[in-house]
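Enquirer: Starting off with a structure, shown below.
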Amino acid sequence: MNENNLNVVYQQYFLKKEADQIFEELEREIEYFPSEMTTVAVFNKRYPVPRKVSAYGDKNLTYTFSGNTLPTKPLIPILVRILKEANKFLKDGSFNYILINRYKDGQDKIGSHRDN
């Protein structure tokens, strides 16, 4: 997909068995922000969201959304591995940040919105 200087490519980096093992490790290792740090603002009122949020990456990066600014956590080994694999597919530059939104199941969702 190419639109307004945006290039989105879907790439399968890992086979299913390996991806399942990575997922299990992520489930054990990822540390999420407290839910009170990840509420969203709608018409000046704050609401909880049905997901857990975490951000990992280079020092001094932040993640800002809906009036929240969250610091990045230092990369852990499993995330370094994922970034190395993903970076093999880039022509220029490299990924240095991972945002994790963990929904408990396929029923949890956030309504129509725009990230800005």
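Any Cβ shown, glycine's included, is placed from N, Cα and C.
The following feature annotations were taken from TrEMBL:
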DOMAIN    8-116  domain 'Alpha-ketoglutarate-dependent dioxygenase AlkB-like'
BINDING   Phe43, Asn44, Lys45, Tyr63, Thr64, Phe65  substrate binding site
BINDING   Asn101, Tyr103, His113  2-oxoglutarate binding site
Enquirer: Check Asn44 (substrate binding site) against DSSP and tell me helix, strand or coil, would you?
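Expert: Note: Asn44 (substrate binding site) is coil by DSSP, not helix or strand.
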Enquirer: Report the DSSP secondary-structure composition of the domain 'Alpha-ketoglutarate-dependent dioxygenase AlkB-like' (8-116) as helix, strand and coil residue counts.
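Expert: Per-class counts: 28 helix, 27 strand, 54 coil.
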Enquirer: Would you give the longest CA-CA distance, in whole angstrom, between residues of Phe43, Asn44, Lys45, Tyr63, Thr64, Phe65, the set recorded as binding substrate?
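Expert: Across Phe43, Asn44, Lys45, Tyr63, Thr64, Phe65, the widest Cα separation comes out at 21 Å.
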Enquirer: Using the alpha carbons only, what distance in Å do you get between Phe43 (substrate binding site) and Tyr103 (2-oxoglutarate binding site) once rounded?
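Expert: Just about 24 Å between their Cα atoms.
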Enquirer: Suppose we draw a 10 Å sphere around the Cβ of Asn101 (2-oxoglutarate binding site). How many other Cβ atoms does it contain, all chains included?
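Expert: If we count other Cβ atoms within 10 Å of Asn101 (2-oxoglutarate binding site), we arrive at 13.
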Enquirer: For the binding-site residues Phe43, Tyr63, Phe65, Tyr103, work out the Cβ neighbour count at 10 Å and name the residue with the minimum.
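Expert: Comparing Cβ neighbours within 10 Å for the binding-site residues Phe43, Tyr63, Phe65, Tyr103, Phe43 has the fewest.
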Enquirer: Could you give the Cα-Cα distance between Thr64 (substrate binding site) and Asn101 (2-oxoglutarate binding site), in whole Å?
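Expert: A Cα-Cα distance of 14 Å.
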Enquirer: Suppose we draw a 10 Å sphere around the Cβ of Lys45 (substrate binding site). How many other Cβ atoms does it contain, all chains included?
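Expert: Other Cβ atoms within 10 Å of Lys45 (substrate binding site): 8.
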Enquirer: Take the C-alpha atoms of Tyr63 (substrate binding site) and Asn101 (2-oxoglutarate binding site) and report the distance between them in angstrom, rounded.
Expert: 12
Enquirer: Give me the CA-CA distance between Phe65 (substrate binding site) and Asn101 (2-oxoglutarate binding site), in Å, as a whole number.
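Expert: Between the Cα atoms of Phe65 (substrate binding site) and Asn101 (2-oxoglutarate binding site), the distance comes to 13 Å.
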